[in-house]
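Take a look at the structure set out below.
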């Protein structure tokens, strides 16, 4: 039951009781996504101006590492106290990180600020899922997650160009200094509806136990993965092996029992999120490189390809939100679209194949992701008692973050090892890994459904 069940649940996202919450949630996701795309554009300029090019990779690895810790702690915190305080703290920490970067005198401060961003982003991400479960009835949740998908599509279309314009005209610092004003405004707008939400009473509170310690270990493992995949010296296999050992020991302690066996229900939902995120993420990283290096196109074509995938993602999410495809059918279809789309997106590596063919397949993969993502989010809330919305939403997002990090590092190392022999073979190997992961997601997809959903 939702928080508003006793007073009559809202019947649409435009209901006055939840309208402001919907707008602010959209804005928070938009700002988070904009920063993600904008910093990629601005970071080369930042590193040069602050004479810290050697910290370039660390500035990207730090927020991912900290978000893993924040997602874990945030999940337990939400279940024990309700989403109000963790969400507000997350927004404040996220804003503090942005301000630190905006006023940074050197790259070490940038890294510290980016770490705060990661902490804040992790707290906000898991808290928003709990808010959805507490304030919105089940029939509105797919529509809301479809709307939130658009918050990630729009920055992907305009974020890099806008960030480039701001960097070239008034300087990169304003990319980070302007956003906190909007984020903090959202905090005050959310307080009336979210601030009153307390811990759920429909079950036992999530146990803290040693989860924070395991989260530190998992974050360290992911950090080593992200750094090891970038190294070109003889020690990178050792670093990846150490990272793998750490992840194998720590990550199972953060996941629901049965994830590795893809037990039907919550474990399979969590597993599928990590698998599809890893498969799609690998292809998304290598498609721009394929178009520019293997086919000789410029950055504009690479950007167009990613934009096509983003728009297709939103279209898939819109279809999922309308509920026209039943969930037992939707999940295998989504995984099949993703897997076939990734395989087809590789075809332009062969010169006779028109690039347009690859883009059509990439749109297919994006549609599959759009069908799957909001559905998995709804299922994790539907299968979980309110008292476990936090920890299970945390596990869902941890699966994505950890799965992508491992996939990026492993595939990047594989690509680098094969590149010297044959660039084409390197692309084939990278996409083959993504396809294999997609096939695994397809195998798991039917086990995400329990009963009549």
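Just so you know, the numbers here start at 1 and follow the chain as drawn.
Using N, Cα and C of the backbone, Cβ positions are placed for all residues, glycine too.
Because TrEMBL annotations are produced automatically, they should be read as predictions rather than curated entries.
Annotated transmembrane segment per TrEMBL: 21-43, 55-77, 89-109, 115-132, 144-166, 172-190, 266-291, 297-321, 333-353, 359-381, 401-419, 425-444 (among others), in sequence order. If you look up TrEMBL, you'll see 21-449 marked as domain 'Major facilitator superfamily (MFS) profile'.
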Range from 21-43, 89-109, 115-132, 333-353, 401-419 with most C-beta pairs under 8 A to the transmembrane segment (266-291): 401-419
Local confidence of the domain 'Major facilitator superfamily (MFS) profile' (21-449) - pLDDT mean: 89
Long-range Cβ neighbours of the transmembrane segment (21-43) (under 8 Å; 6 or more residues past either end): 13, 56, 59-60, 91, 94, 98, 114, 117, 121, 124-125, 128, 131-132, 135, 144, 147-148, 150-152, 154-156, 159-160, 162-164, 166-167, 172, 175-176, 179, 182-183, 186, 189-190, 193-194
Cβ pairs under 8 Å between the transmembrane segment (115-132) and the transmembrane segment (425-444), at least three: no
Maximum Cβ pairs under 8 Å to the transmembrane segment (55-77) - stretch from the list 333-353, 359-381, 401-419, 425-444: 401-419
Stretch among 144-166, 172-190, 359-381 sharing the most Cβ pairs under 8 Å with the transmembrane segment (333-353): 359-381
Close approaches to the transmembrane segment (89-109) from elsewhere in its chain (Cβ under 8 angstroms; 6 or more beyond its ends): 28, 32, 35, 46-47, 50-52, 55, 59, 70, 74, 115-124, 127, 173-177, 179-180, 183-184, 186-187
